[in-house]
Amino acid sequence: MSDIEIARAASKLAITQIGERLGISPGDLQPYGHDKAKISASFLHSLEDRKDGKLILVTAINPTPAGEGKTTTTVGLVDGLNRIGAKAMVCVREPSLGPCFGVKGGAAGGGRAQVVPMEDINLHFTGDFHAITSAHNLLAAMIDNHIYWGNEQDLDTRRIAWRRVVDMNDRALREMVGALGGVRNGFPRETGFDITVASEVMAILCLARDLADLEERLGQIVIGYRRDKTPVHARDIKAHQAMTVLLKEAMQPNLVQTLENNPALVHGGPFANIAHGCNSVVATRAALKLADYVVTEAGFGADLGAEKFFDIKCRKAGLRPAAAVIVATVRALKMNGGVAKTELGHEDVAALVRGAVNLGRHVENVRGFGVPVIVAINHFLSDTPAEIAALQDYAASIGVEAVLCRHWAEGGAGIEELARKVAAMADSGIADFQPLYPDDMPLFAKIETVAKRIYRAGSVTADRAVIDQLSQFEAMGYGDLPVCIAKTQYSFSTDPSLLGAPDGHEVHVRDVRLSAGAGFVVAITGDIMTMPGLPRKPAAETIRLDDDGLVEGLF
């Protein structure tokens, strides 16, 4: 059966029953149909005095077209924890329509380890992304309107930093000229679109503590600069309060369930290669009050998602992870060892051992944050006993345990061994989490620290304009912010073709952007785009409705 067929055949409980298991009354749920609901802000506020559970991060090796199954493992681990008698919840991000119709075709787990309703989660869900897109574009409209009606703030139209967004992969919108067509349409200027998941509004929603914090952060957004080079904020044109109104319900986390009827919070969705890649702080904090173990994921490999989870989300939200799981597959490590995708079905122990250095690098990096690590081998049918043994031997040689997991085929029953070991690791109290760098380190030094200690770069370079911009950010009072490096997800380097564990390479920072509301500085490297394009054969070509009105093609 395909993922969508498995999801459609699931025996789901009414969302009110899932809520009751967590102690949430029907009055504190805002249902969207029978199988999904938002949790009220008043209920979340009532949890503040409860003790926190243990926070467990699921991350992965660098992703390849062979697939790693990070979300699948995150969901499966929660099902496994509940099977062994633990009270566990999963916290994951909402999928973006862009990749759904581009290359992914869906993102809610897979096989017997999914969150449901899978179709709804992938397509519109509860409307959060629409609200974020609307709030972002309201600010864009108010900027141009402010200029049209006299430009009281003296905005320099050459230095407006706020673009528009849409939740779609559309390369034609990357760069454009707006306000053409004459005087009545405003002042023409260069602008463009980013994808919604790259929006600072998305990052703000995912890092805000509550509605008051959300409004404060929205007001701090730097929309551009005056002709005297001083910053103009969203609050200066009185946009932040109306933006908050649009985001009021989007701030409430979404409650759904796994295939095994365990509670899941699916909320927020910033990308990890062009943003910070973690689900919302509101959802994570709520789950920590409602469960003994909370399993969350961070996007792409540990060099991107895990680093940003630790250095941005945990730092800013005061979270202290108790354990980390790194997902690896035999197939992906063979690809890192030089095997072509078409040959991955054939046994090749030597290639696996060559590629395993990628896993070793990630293990070493996560340990550098003071968080204990275990490896989950996400099983594929083509894996041979010799390959699995070689991977486990390699893991043992670097002092980490690698547990074979069959959750894709067997659900929670196939991951119980990992669940027991992760629970014991989290309960041991050996975690001593520390971010990679202090707040008071200069911004460029923070970029260098991440590049050299996590990516293992030999040098970090930047044009004079980038250095000057960072100096300006520091002069404006933003020098204590963490950095969020936009980089390819496929390699430790900025070259997606450099697989394995390259070192000594150069990281060139070609642009920096201030996300004052979110609370970080974005450094853009390589060819990373904040508006992706569709591939030659987009997944949208095979997504359709069948004769019964059911969706086909999501996977």
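Positions of Cβ are set from backbone N, Cα and C atoms, glycine also.
Quick look at what Swiss-Prot annotates:
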{"type": "BINDING", "residues": "THR64, PRO65, ALA66, GLY67, GLU68, GLY69, LYS70, THR71", "note": "ATP binding site"}
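Comparing the binding-site residues PRO65, GLY69 on other C-beta atoms within 10 angstroms of each C-beta gives the minimum for PRO65. When secondary structure is read from DSSP and collapsed to three states, LYS70 (ATP binding site) falls in the helix class.
All protein chains included, THR71 (ATP binding site) registers 24 other Cβ atoms within 10 Å of its own Cβ. Around LYS70 (ATP binding site), a 10 Å sphere centred on its CB holds 27 further CB atoms from the protein chains shown.
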